[in-house]
Amino acid sequence: MAMAELSTPKTTSPFLNSSSRLRLSSKLHLSNHFRHLLLPPLHTTTPNSKISCSVSQNSQAPVAVQENGLVKTKKECYGVFCLTYDLKAEEETRSWKKLINIAVSGAAGMISNHLLFKLASGEVFGPDQPIALKLLGSERSIQALEGVAMELEDSLFPLLREVDIGTDPNEVFQDVEWAILIGAKPRGPGMERADLLDINGQIFAEQGKALNKAASPNVKVLVVGNPCNTNALICLKNAPNIPAKNFHALTRLDENRAKCQLALKAGVFYDKVSNMTIWGNHSTTQVPDFLNARINGLPVKEVITDHKWLEEGFTESVQKRGGLLIQKWGRSSAASTAVSIVDAIKSLVTPTPEGDWFSTGVYTDGNPYGIEEGLVFSMPCRSKGDGDYELVKDVEIDDYLRQRIAKSEAELLAEKRCVAHLTGEGIAYCDLGPVDTMLPGEV
């Protein structure tokens with residue numbers, strides 16, 4: 001049974017200072033923000049009180065520190081996340097794996113609202129993998145983050161053992177093994193692509209530095225916030241201590257949409273579509289690859305004989321899917337994006353089925369396709385299920401596909417020049433061109 005200890009000097013105060021908090025080892029951590037207690041006053045205490053909440057003899061509560069006459073603990077929490085659990089002491093949890101730390105930025109947003117519960121349920125990392133969620137938000141979203149934590153608490157997920165929330169990436173990213181970076185500024189009316197690249201680039205430069213400083217040395221990073229390819233490049237360039245191949249830009253939603261469109265055209269269920277690749281940037285220059293994709297094990301071009309549709313209508317249908325969804329529903333694709341994040345992570349922690357592959361935006365150094373190095377480019381990958389991947393070598397690239405890939409490559413090179421001041425590669429120069437290639441529904 002949990003036991004709370006109050007260590008109090010002789011001098012007393014009529015109430016527990018509102019900046020004091022119970023310390024939870026499976027915890028909710030409010031970084032840079034101090035929340036009023038949800039509990040009534042306990043005992044009289046003083047600014048020098050030490051408060052702990054524990055179910056293990058060896059757990060140690062942080063000492064409360066005095067600042068301008070107020071007590072502030074370095075870590076904070078509430079509710080069930082305050083309890084310290086010895087997972088090896090219970091028969092049910094003894095066989096569980098070691099707890100892993102997962103950071104999510106933009107944690108108060110709609111995508112995260114769908115994603116966090118999938119992570120906590122065990123759907124992503126498995127039914128024997130306990131997790132700690134580290135939720136990064138802003139000062140403006142801190143109350144919403146508390147609401148998210150309350151919903152996670154009420155959901156009674158056995159595998160969810162810790163929840164921290166905060167606004168400082170240097171604290172939130174401490175010791176994380178996975179970082180899912182969703183938070184980014186949306187594109188406002190009249191905002192140029194170059195402005196968006198710079199504004200969001202600064203966010204991801206800061207987060208890259210924080211990951212470099214605080215995260216696990218082998219942390220896996222999935223960048224979702226747009227423009228995700230170049231944001232991932234900025235992030236990895238600011239994290240030199242982390243292997244560049246550990247950074248990913250999310251293009252799995254594009255892959256899922258492409259599979260859906262091919263299945264619809266062929267009149268089959270979408271699980272019959274395999275070997276789907278999205279090449280290049282997460283933009284209208286992306287290249288859904290029908291040349292190497294298969295339906296029921298057969299080349300797509302043998303199943304779908306309308307080759308004009310493949311070359312024109314297919315790509316357009318993938319690119320415009322997000323915009324069409326907004327027209328129909330009045331909101332962007334948060335739920336399907338969350339599902340694609342789950343798919344992207346599971347593709348790295350689950351062995352790839354024999355003969356198949358998946359798409360993810362990764363660093364191009366050493367690629368076998370002749371794509372310019374120093375970019376984050378979506379390419380076909382396989383994984384052994386250990387969190388790492390290898391590029392697929394046995395793919396066909398004809399002249400048509402090569403020309404399309406080159407167009408996306410040129411766009412990413414232009415974006416890279418535009419953020420050179422954020423990657424440490426010189427003075428920025430923007431020559432993005434007059435055509436707006438941001439995907440509909442993601443501006």
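Yeah, the Cβs are placed from backbone N, Cα and C, and that goes for glycine too.
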Item to complete: From ASN200, ASN241, grab the residue that Swiss-Prot records in the same NADP(+) site as GLY106, ALA107, ALA108, GLY109, MET110, ILE111, SER112, GLN207, VAL224, GLY225, ASN226.
Response: ASN200
Discussion item. If I take the alpha carbons of ALA108 (NADP(+) binding site) and ARG193 (substrate binding site), what is the distance between them in whole Å?
Written reply: 25
Worksheet item: Under 8 Å Cβ-Cβ from CYS418 (disulfide bond), six or more apart in the same chain: what's there?
Response: ALA194, LEU197, ASP198, THR230, ALA428, TYR429, CYS430, ASP431, LEU432
Worksheet item: Do any of ARG187, ARG193, LYS213, ASN226, ARG257, HIS282 (recorded positions) have a CA within 10 A of GLY106 (NADP(+) binding site), and if so which?
Response: none
Fill in: Pairwise Cα distance for ASN226 (substrate binding site)/HIS282 (active site, proton acceptor) [Å, integer]
8
